[in-house]
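See structure below.
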């Protein structure tokens, strides 16, 4: 048996396993029930009410002068009673106008907005995870029963806090993941990121339907402050640059299985900006991939291995096909099968996030997605990357 024939057979076997995995995700996605806002008064507590949960919304920010005001104002314009939440922004050594904007906003809303400047708290010694440090410091000062985290480039929906309040009261969950959507800015790199991120969000929600909390995103995340303390906060994962969301989720699931839930409703979708160019996009994905080797859950690791091996085998098969036209035809057939498997799942996910208009690009971007997955996955495990002006390993 020739190398090319063996490679085709191996790729086909991995593709079959991958297809079964996506079928499982699709099944559990279809079983998800949208969360409905309770009609009782505590769904929209009024000022002075003791019925609503008090939230502390934490926003780490580094050089976000273009975004931070829109982010904070989207929270302030929400429907939730203003005496039942606070906004804590942690300025992570910003060198632009972020600090001045924050001071102005705090002067306008002194009872709602708190600012922590890392430059005034940390010494000059570099650390590997400024974001975890920022979150830990903010949680220390938080007055709320629940911690909600988001990013400085996010826009929060009007009923964001109301839905968290209602969902927590209905379910008794102590850790809540929720949907995040990349905004399409019109560029090719933007559309690519939107589609890639849709797949991650689809898997995140579907995994919850299967009873497995395999992923979450810190741009839309909540957990009980007391629960955070019970698991020891970020202790044990504080040296890792990324993973402030997923590692904390794993610690909480390990301590109390079944404590995590997913806020499955379009009314809680948080919008965030994609990376502006390919370089920053790749750096972001390398950062995300860098935590893969430290996952304790064998199910997550198995899924990541299957996905990576499939993409790697298809990349190798493509380059082999450049010298063997018959192999190239087989590669094309395998790519089309992969596309159809993913499309059936992604079509439903794109509908939930109101981004079906992007699905016309899905087939076109398949080859590029293969290459990026292989490169980002490899560099995430063994390389360094730039993030927010810092070199991180």
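Quick reminder: no glycine exception, Cβ is built from N, Cα and C everywhere.
Residues or ranges marked as domain 'Glycosyltransferase 2-like' by TrEMBL: 56-185. Among the features that TrEMBL reports, transmembrane segment is placed at 6-28, 302-322, 328-347, 359-381.
Across the candidate stretches 6-28, 302-322, 359-381, the maximum count of CB pairs under 8 A to the transmembrane segment (328-347) is reached by 6-28. Same-chain residues lying 6+ beyond the ends of the transmembrane segment (359-381) with a Cβ under 8 Å from its Cβ atoms: 191-192, 195-196, 282, 285-293, 307-308, 311-312, 314-315, 318, 335, 338-339, 342-343, 346-347, 350.
Taking H, G and I as helix, E and B as strand and the rest as coil, DSSP gives the domain 'Glycosyltransferase 2-like' (56-185) the counts 50 helix, 30 strand, 50 coil.
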